[in-house]
Amino acid sequence: MSTPPANVTTAHVLDLFSLKGKNCVVFGAAKGIGFSIATAFAQAGGNVIITYLTTDPTEKAKKLAEETGVQVHTLKIDISRSDTVEAGVEEIQKIFKEIHVVVANAGMPFRRSVLDSPPHEFEKVMNINTNSVYRVAYYMGKIFKKQGFGNLIATASMSATIVNAPQHIAAYCASKAAVRQLCKALAVEWAEFARINSVSPGYFATDMPGYEFLKQWEPYVPFKRLGLTPELRGTYLYLASNASSFVTGLDLIVDGGYTCL
């Protein structure tokens, strides 16, 4: 049976958002949304491991550690393969004896119609966007169960809920819908020892390929602009902290109202 945090009934509400003394891992955090998440966790007092594949964030991590006074480590992990994720998790355990919060954020954009995308391209999208979350959940879930506690947050997308138009991105929609549903299933399966939630961003200004492509949707967002990645920090911090201690199986859509239309 899940138990509430020891101080949940007595703590000041702002203290519930603290990650002081907690160890966090953010997969796919070299830049963009991932680095904003890592920054939020560090600013809230959590120690952080930032994983990456191509862009080395070591210098940014050092600066973040100096600014916040917490541990900020970097680790290169290829999330597209099970053996490298398993090896990466073993390295993570050498750094942190306990792991409190894990964010599966790595992913790839994909903008091609089904008839223009051979099956191997669909398989690649699913491998990076969906299978990687399963890999992280599989290896981290074993640790959570052994510890008796854990918190997994996955980055899905509003495309898990709606069908984007007029662009044709069926493969991407399918991959993110699978992430969303996987998290809901895990929330039930792991209720005794872990909380599992997902975040579904809408159109955000990032340095991922396709940013200029996204700008054409600004007029259709009720806020009339794209989101900024720092605007996601509070959402992930809420789910990572004791402020959401009775929240599991939730998909939080952060889209400036786009899916309301």
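The backbone N, Cα and C atoms fix where each Cβ goes, glycine too.
Here the structure is a predicted model, which means the values were calculated and not measured.
All chains included, 27 other C-beta atoms sit within 10 angstroms of the C-beta of SER157 (active site, proton donor). Annotation source Swiss-Prot lists active site, proton donor at SER157.
Taken residue by residue with DSSP, TYR172 (active site, proton acceptor) is part of a helix. The active site, proton acceptor annotation in Swiss-Prot covers TYR172.
The active site, lowers pKa of active site Tyr annotation in Swiss-Prot covers LYS176. Take the CB of LYS176 (active site, lowers pKa of active site Tyr) and look out to 10 A: across all protein chains shown you find 27 other CB atoms.
Following the DSSP three-state reduction, the secondary structure of LYS60 (NADP(+) binding site) is helix. Around the Cβ of LYS60 (NADP(+) binding site), a 10 Å sphere holds 19 further Cβ atoms from the protein chains shown. Sequence annotations record features per position, and here Swiss-Prot assigns NADP(+) binding site to ILE33, LYS60, ASP78, ASN105, TYR172, LYS176, THR206.
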Completion exercise
Given the binding-site residues ASN105, THR206, the candidate whose Cβ has the fewest other Cβ atoms within 10 Å is THR206
Exercise for the section: Specify the nearest of the active-site residues SER157, TYR172, LYS176 to ILE33 (NADP(+) binding site), where nearness means the distance between Cα atoms. Expected result: SER157
Handout entry: Secondary structure at ASP78 (NADP(+) binding site), reduced by DSSP to three states
Key = coil
